[in-house]
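> Quick one: the structure is below, and I'll ask about it shortly.
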Amino acid sequence: MTLDLKTKTLPAGPDAAAEAAECLRGGGLIGFPTETVYGLGADAANPAAVARLYAAKGRPSFNPLIAHVASLDSARGLARFDATALRLAEAFWPGPLTLVLPKAPGCTVSDLATAGLDTVAVRIPAHPVAQAILRAFGGAVVAPSANRSGHVSPTTAAHVRADLDGRIDLIVDGGPVEVGVESTILGCLGAPVLLRPGGAPREAIERLLGFALAEPAAAPAGDHAPLAPGMLASHYAPGAQVRLDARDVRPGEALLGFGPVALPGAEAASAIRNLSPAGDLAEAAAHLFGFLRELDASGAHAIAVMPIPHQGLGEAINDRLRRAAAPRD
Ligand code: TXA
Ligand code: MG
């Protein structure tokens, strides 16, 4: 018996890149791998395609998208880079860093994709499959993570299918991603501001800059346009409750471990995944979203999460876990 999937999936390769580019040209939506998470791509310059993308994801359209391009030259056609932004781009691209910059005069990214802001978020992904698709297409591709809004980000093609089958036109399967958490977002509209911790660790960015990153000013009460509008408190949410910094495992809970597991009650956990038995943060980031999905699917009512060190990729991991644990709307 064959499984009747509504969205076509192709293994990564030259044919898939060409078909993905063709699909984008026709206003279609593609799921594709980047080194951070799978993205849901649309032609950035096509407002109808961008509108379809928001609808497929179930995303509020006041939340702007990241424009992905293959080269710094293309990025400079979309946005204005000051000396600091240029240094960051040259050091971290291609890679898991997104820069929020002033739009360039000829910026082709549709106003719908930037939610009417006069800034644009830009990234050059390092994944060879993303690079191949961007080069075959030629233009900018806007791509949020390829999950339904509010769900955990996808790190495999199967995750994309689970959330978006039948809602998008094509999925390119490039295997599991390498980084596992989304890109770090820096606002570069003056002194660089860390808007979202992610795959490029703060320490590496601060080392390059030679100074500490500013924190985003707290949005004034009642302000519905925070600096990175997507950073809503409850996000990346699995169905199960998430309990952080667990020092024990309570009856009926599943356990998300890190490092050696020696917690009271662990032997009775309803399911166990260990992000990295050796305590390696890069390995933990790569496993984070997949393990959250698996523990959620195990039917546990709650997931106890062991403490994760708050350095390097740990800052992004803890940020996503905090959001997964936040009270739901
Ligand atoms: O790793 C990633 O960044 C992945 C892959 C696919 O590239 N993409 C991703 O996109 O995580 P998304 O849409 O899930 O998150 C983009 C974030 C949102 O929080 C959005 O509010 C913020 O970027 N953003 C986009 N444009 C912005 C702008 N002009 N100013 C401030 N924040 C912006
Ligand atoms: Mg997302």
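Including glycine, each Cβ sits where the backbone N, Cα and C put it.
Automated prediction, rather than curation, is the source of TrEMBL annotations.
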> If TrEMBL says T36, H68, R123, A143 bind L-threonine, which of S183, S270, S276, S298 does it name for the same site?
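So the L-threonine site in TrEMBL includes T36, H68, R123, A143 plus, from the candidates S183, S270, S276, S298, S183.
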> In angstrom units, rounded to an integer, how far apart are the Cα atoms of N63 (ATP binding site) and T36 (L-threonine binding site)?
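Each residue's Cα considered, N63 (ATP binding site) and T36 (L-threonine binding site) end up 20 Å apart.
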> Of all the binding-site residues given, T36, T119, S153, which has the fewest Cβ neighbours within 10 Å once its own Cβ is left out?
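T119, out of the binding-site residues T36, T119, S153, has the fewest neighbouring Cβ atoms within 10 Å.
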> Using only C-alpha positions, which one of T36, H68, R123, A143 is spatially nearest R59 (ATP binding site)? These are the binding-site residues in the record.
A143
> Of all the Cα pairs drawn from T36, H68, R123, A143, S183, the residues the record ties to L-threonine, which distance is largest, in Å?
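Maximum Cα-Cα distance: 13 Å.
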